[in-house]
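Enquirer: Mind looking over this structure? Questions follow.
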Amino acid sequence: MGFRCWLLVITFVLSMGFRCELAGAHGRWQLLQSLEAADDGVCTAVVSPQGYECQEYEDPTRKRRRQSGKRQPVLLQHGVLMDGLTWLLNPPQQSLAFVLADNGFDVWITHGRGTRWSRRHESLDTSDPAYWAWSWDELASFDLPATVGFVVRQTGQKLHYVGHSMGTLTALSAFSEGKLVDKIKSAALLTPVADLTYMTTPIGRAAASAFSGEMLGALGVAEFDPKGAVGTNFLESVCALPGVNCYDLMASFTGPNCCLNDSTVDMYLKYELQPTSVRTLVHFSQSQSVAFRRGVITKYDHGSSAANMAAYGQSSPPEYHMSNIPHHLPLLLSYGGGDMLSDVKDVQLLLNDLSNHDADKLVAQLVKEYAHLDFVMGVNAKQVVYDGLIAFFDKHS
């Protein structure tokens, strides 16, 4: 496994406490500005000032157990180009992390490898291309199991899981290979991604058809920072392609989100866009291309039969078979009618793969007016999605 196991996952825990809520968007801007200026960490800068107990962990090999009482642990996993701040951008009464804490859950939030709070390595620096030699395969095979195992060791309990976007893809991929199932009570998948056949986002389709990740890789770029020079140049080139309108950048990428607060969108664009590996973008491009031909999703294609043989013992990358997900694992799939990344037709393909799932263990919720980001930043997401999610968790606790 070599360097692939190095990720130091940073998580923090929210527990119920007295809330000292800052007033409106101005207060939240102050919190995020202090986060950027002081570099103190999310607990100190964002969570604790709002009256919640919060702890941060960097070493997933720790043996000391953290006592969480009788609170049920739940792990929140963000999507690509995001980090754990995703779950905290709205006011507490609208943000899933705080809502869960207020309902008595022990909330754990990850920062994926390569993002602002998770860039350490035992021997490599982020300027080294070897640091970025991973795709979402490694997140599913190594990082997610390590994180789940860490929470289980710390709390002494199985956990509930919430994934958004790529956080659903990594979980589904792991589940399909029998990983994590013995450690998770149930999983709620917001905007589930397991097939890209019908992805309609103009930016996503243009990027996939151009194999932009491979183009960047050919230029010797290993890290993709959407706010850096490479990210800016990439976006300008994609936006110049025929049929791509980037006037409303977020809608062009995610679909027409119905229910976002303008100030939250501004905070998201300023603070939340995070780096990832170019290989991850290549993998998404490969998956979308393969999906067009066969309606499947595969592991990363290393580019030659010899390289694939070395990695997988076969000349082409293995497929993920979502139908192999254990039928008894409770799953909640919540998806949007306006989502251009997790298209309704693609979600239906996933549901077809899950057709033999135990009927009382599978719940599918279509929110017709929602697009991709409404599920994590929608001002009414508590009423539309989170209350039902909590009821689902309670049922399977």
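Keep in mind that glycine also has a Cβ here, set from the backbone N, Cα and C atoms.
Just so you know, TrEMBL annotations are computer predictions that nobody has curated.
Grabbed the feature section from TrEMBL, which reads as follows:
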- S165: active site, nucleophile (ACT_SITE)
- D339: active site, charge relay system (ACT_SITE)
- H372: active site, charge relay system (ACT_SITE)
- 73-215: domain 'AB hydrolase-1' (DOMAIN)
- 1-17: signal peptide (SIGNAL)
Enquirer: Within its own chain, what residues at least 6 apart in sequence put their Cβ under 8 Å from the Cβ of S165 (active site, nucleophile), listed in sequence order?
Expert: H78, G79, V80, M82, L190, T191, V193, L341, S342, H372
Enquirer: Counting by DSSP secondary structure, give me helix, strand and coil numbers for the domain 'AB hydrolase-1' (73-215).
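Expert: Helix (H, G, I), strand (E, B), coil: 59 helix, 25 strand, 59 coil.
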